[in-house]
Amino acid sequence: MQPQRDLRGLWLLLLSLFLLLFEVARAGRPVVSCPANCLCASNILSCSKQQLPNVPQSLPGYTALLDLSHNNLSRLKAEWTPTRLTNLHSLLLSHNHLNFISSEAFVPVPNLRYLDLSSNHLHTLDEFLFSGLQALEVLLLYNNHIVVVDRNAFEDMAQLQKLYLSQNMISRFPLELIKDANRLPKLTLLDLSSNKLKKLPLTDLQKLPAWVKNGLYLHNNPLECDCKLYQLFSHWQYRQLSSVMDFQEDLYCVHSKKLHNVFSLDFFNCSEYKESAWEAHLGDTLTITCDTKQQGMTKVWVTPSNEQVLNQGANGTVTVSEDGNLHFKEVQVEDGGVYTCYAMGETFNETLSVELKVYNFTLHGHHDTLNTAYTTLVGCILSVVLVLIYLYLTPCRCWCRGVEKPSSHQGDSLSSSMLSTTPNHDPMAGGDKDDGFDRRVAFLEPAGPGQGQNGKLKPGNTLPVPEATGKGQRRMSDPESVSSVFSDTPIVV
């Protein structure tokens with residue numbers, strides 16, 4: 001019994017030693033010492049000011065902060081480190097001579113959050129240069145020689161919050177990076193000061209939210225003087241935005257090769273800036289934004305009657321959306337007034353006042369009024385044209401009259417206006433004279449110079465003897481005579 005018990009104990013001892021050796025072999029890994037000319041403190045590796053031409057090899061995998069500033073590095077290749085530094089969150093490469101960075105240089109450091117490339121010799125930011133840094137929050141590129149910035153250089157950098165590009169030679173920056181909220185959604189600071197910018201998309205800049213404009217630095221650029229530029233910066237000054245308030249003296253523009261401060265009203269002769277109110281018509285749908293200088297703030301709206309808008313206003317048309325904006329379903333006249341937005345954050349509070357003017361008519365009804373007035377005006381013009389056509393273009397009946405025969409040499413003529421109830425008949429045309437009504441009534445008018453008014457003779461004048469005419473022939477009226485309607489002597493023929 002005793003030998004078997006000893007044998008069993010021996011086997012247990014050997015098994016324990018084997019398991020111990022296996023665990024040691026599995027957990028064992030090469031220990032990397034601190035590189036030469038570097039200072040290691042826990043997970044911080046400092047190799048600054050060592051005149052290094054290349055990055056030290058065999059960097060410890062636990063490194064969280066790597067300082068390579070103030071050296072002689074000129075190129076950052078894809079294989080600059082053979083070790084994948086997944087714990088590295090800060091990389092300092094400032095004050096070197098870097099003029100080339102590979103598009104795959106940041107693949108070994110996918111969790112980098114802070115990258116300092118300032119004070120180098122970079123000229124171009126190529127396409128997808130920083131696209132592998134999806135966790136990067138701060139990028140320093142100031143004091144380089146950057147001229148060209150590709151619009152896709154900062155692709156897939158959803159966590160980027162601060163981008164420093166001052167003291168370069170940039171003449172055009174792709175501002176669509178900040179206009180499109182999906183490109184760099186968390187960007188709160190963009191420093192483009194001390195560059196070569198001459199023109200700005202002023203209309204697009206006005207539409208940016210206040211928290212973007214608050215961190216958009218544009219001072220010390222040779223901007224072209226313009227009243228719209230003054231209006232833009234005056235609005236930022238009115239809102240107390242840091243990008244203007246901190247550098248008012250450095251905001252200048254160029255006119256006739258001379259520098260002028262943007263706020264020089266005497267020189268610009270620009271109208272003074274006044275904050276405009278929101279305008280709406282009856283029945284309009286309107287959304288008023290609480291344009292705060294910081295993101296993620298809690299917003300509370302107060303109506304002109306000093307009532308807090310919780311979910312729905314007193315008249316049932318005003319609500320507050322999830323993003324803190326004031327929404328009007330159908331604007332009413334009583335909705336007009338000054339609304340106040342109280343924004344509260346962890347370290348900053350802000351109060352905004354917005355005036356709403358409501359016009360007491362619908363926009364559609366206003367167009368109907370204009371259409372009615374236009375139709376009335378057109379109708380009046382057409383009426384005047386028709387009257388003018390009737391007066392000046394109506395055919396004259398005298399055009400259709402035949403040429404009258406001249407009167408006889410005695411001047412005897414029968415000037416009459418025939419008034420008859422039946423058509424004229426020739427009495428000698430045959431048939432019985434009693435078969436039809438052939439009685440004519442005429443008012444004779446004096447034809448000669450010896451007659452006075454109403455057929456009476458003037459003193460000293462004689463009535464001329466008329467010349468006999470053929471049987472059945474009518475006398476021609478004298479064209480020089482007056483119409484017989486003024487005669488008072490009826491004659492039955």
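Cβ atoms are placed via backbone N, Cα and C, with glycine included.
Residues or ranges marked as compositional bias 'Polar residues' in Swiss-Prot: 408-424.
Annotation comment: Swiss-Prot describes 269-353 as domain 'Ig-like C2-type'. Restricting the average to the domain 'Ig-like C2-type' (269-353) gives a pLDDT of 80.
Annotation source Swiss-Prot lists N-linked glycosylation site at Asn72 (among others). Taking Cβ-Cβ distances under 8 Å and a sequence gap of 6 or more within the same chain, the neighbours of Asn72 (N-linked glycosylation site) are Gln51, Leu52, Pro53, Asn96, His97.
Under a cutoff of 8 A between CB atoms, and with a sequence separation of 6+ in the same chain, Asn269 (N-linked glycosylation site) has no neighbours. Taken residue by residue with DSSP, Asn269 (N-linked glycosylation site) is part of neither helix nor strand, so it is coil. The N-linked glycosylation site annotation in Swiss-Prot covers Asn269 (among others) and is backed by sequence analysis.
Annotated N-linked glycosylation site per Swiss-Prot: Asn315 (among others), in sequence order, evidence recorded as sequence analysis.
DSSP assigns Asn349 (N-linked glycosylation site) to a strand in the three-state reduction. For Asn349 (N-linked glycosylation site), the same-chain residues that are 6 or more apart in sequence and have a Cβ closer than 8 Å to its Cβ are Tyr342, Ala343. The annotation N-linked glycosylation site is assigned in Swiss-Prot to Asn349 (among others).
Swiss-Prot lists Asn360 (among others) with the feature N-linked glycosylation site. Annotation note: Asn360 (N-linked glycosylation site) sits in a coil segment as assigned by DSSP. Spatially close to Asn360 (N-linked glycosylation site) yet at least six residues away along the chain are Leu282, Val333, judged by Cβ distances under 8 angstroms.
Among the features that Swiss-Prot reports, phosphoserine is placed at Ser477 (among others), with the record citing a large-scale study or a structure entry.
As annotated by Swiss-Prot, phosphoserine applies to Ser481 (among others).
According to Swiss-Prot, the region 'Disordered' annotation covers 405-493.
Panel annotation: around the repeat 'LRR 1' (62-83), residues 43-55, 89-102, 104-105, 107-108, 116 of the same chain, lying at least six beyond its termini, place a Cβ under 8 Å from a Cβ of the stretch. What Swiss-Prot lists as repeat 'LRR 1' is 62-83.
Long-range Cβ contacts of the repeat 'LRR 2' (87-108) within its own chain (Cβ-Cβ under 8 Å, at least 6 residues beyond either end) map to 43, 48, 61-78, 80-81, 114-123, 126-130, 132-133, 140. Per Swiss-Prot, repeat 'LRR 2' is recorded for 87-108.
For 394-493, the entry in Swiss-Prot reads topological domain 'Cytoplasmic', with the evidence type sequence analysis.
Per Swiss-Prot, the feature transmembrane segment maps to 373-393; the stated evidence is sequence analysis.
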Within the repeat 'LRR 1' (62-83), how many residues are helix, strand or coil going by DSSP?
0 helix, 5 strand, 17 coil
Count the residues of the repeat 'LRR 2' (87-108) that DSSP assigns to helix (H, G, I), to strand (E, B) and to coil, and report the three numbers in that order.
0 helix, 5 strand, 17 coil
